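Residues or ranges marked as compositional bias 'Acidic residues' by Swiss-Prot: 1-18. Per Swiss-Prot, the feature compositional bias 'Basic and acidic residues' maps to 183-193. As annotated by Swiss-Prot, N-acetylalanine applies to ALA2. Taken from Swiss-Prot, the feature phosphoserine covers SER14, SER16, SER65, SER66, SER69, SER73, SER226, SER356, SER368. Per Swiss-Prot, phosphothreonine is recorded for THR296, and the stated evidence type is a large-scale study or a structure entry. Positions annotated as region 'Disordered' by Swiss-Prot: 1-33, 83-111, 183-211. The feature region 'Necessary for interaction with CBP80' is assigned by Swiss-Prot to 2-329. The region 'Sufficient for poly U RNA-binding' annotation in Swiss-Prot covers 228-328. The region 'Necessary for poly U RNA-binding and snRNA export' annotation in Swiss-Prot covers 279-287. Under the heading motif 'Nuclear export signal', Swiss-Prot lists 130-139.
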Amino acid sequence: MALEVGDMEDGQLSDSDSDMTVAPSDRPLQLPKVLGGDSAMRAFQNTATACAPVSHYRAVESVDSSEESFSDSDDDSCLWKRKRQKCFNPPPKPEPFQFGQSSQKPPVAGGKKINNIWGAVLQEQNQDAVATELGILGMEGTIDRSRQSETYNYLLAKKLRKESQEHTKDLDKELDEYMHGGKKMGSKEEENGQGHLKRKRPVKDRLGNRPEMNYKGRYEITAEDSQEKVADEISFRLQEPKKDLIARVVRIIGNKKAIELLMETAEVEQNGGLFIMNGSRRRTPGGVFLNLLKNTPSISEEQIKDIFYIENQKEYENKKAARKRRTQVLGKKMKQAIKSLNFQEDDDTSRETFASDTNEALASLDESQEGHAEAKLEAEEAIEVDHSHDLDIF
């Protein structure tokens, strides 16, 4: 072996396979220059199978013979086409718009609901506009039922609210007529505050714009002046419409004490005024004056009762009239309920018992309505006023 290696010239390769081994994959493929027919196809398939990389995505069986390759080529192409059709879904065709039908489409069974928020808002706005036009014309429109159990019948609610407001206005009107005795209150009574006004009115309706105190006044007043002059000047400076109340204050406590209270009121108003008990608004100058009057230790409780006796009496009459009005409304409702009841002919006992109880209740209501007016409260029985917000005078 050594001789053979020594006899070899430089650059000459050995013919034995032991010296150098060549991998089958490293050997170049030797193809004939001219190929024809089956030999060319067989060589092409061998080359493709040898050079094809290993793929785990799709596994294709190797083809052994040319006959099987020709017979299976059509089946393989059909299989690939079927798989490709499964992977790609064609886009749905748009449906033509149908005029004369509602824009809301019924939900498709098994389909996903489209979250079209602004479309739903626009649709509700259009329905509200249509319902408003129908309400103006005296017709009732349809309500959107897309929210199912959360649907709010706003048309019915609006109608019921309107009827309730009209019923409340009628009751207030009847109460005002009863309290005024069927007469319209004159302007003089309104200025003096002697007219019977309905209770629980808004503050702006009762007071209007808050008056500002006139600090200078028209002229100077002293303790030697007449009570009429002092009361008139105090009412002017306080912008108080209830002049008779100020006149009673001056008559009971005297000119000197009334002027001192006026000076204290001016000082409080210049420092910002006083709030009422709940703190929702400031007192009027007249309210500050009367609040200082009730909180002055030198003025006795008997004097305060004498000053506010008429106001307490009016408040009592107003409450009494309101209570009587509520009783009348309750009696009317009871009569309507009795008329709407249907008793069974066999149940005579329950019918007689109910009828006797109802007649007694209605008789008591009629007696309370037909009874004479009660005597006015005496000075000892007058309602005591602990706070200024108990009266409707500020």
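Cβ coordinates come from backbone N, Cα and C, glycine included.
Counting other Cβ atoms within 10 Å of each Cβ, the lowest count among the modified residues SER226, THR296 belongs to SER226. Looking only at the motif 'Nuclear export signal' (130-139), the predicted model's pLDDT averages out at 60. Taking the Cα atom of each, SER226 (phosphoserine) and THR296 (phosphothreonine) are about 23 angstrom apart. As a summary of secondary structure, the region 'Sufficient for poly U RNA-binding' (228-328) carries 75 helix, 2 strand, 24 coil according to DSSP.
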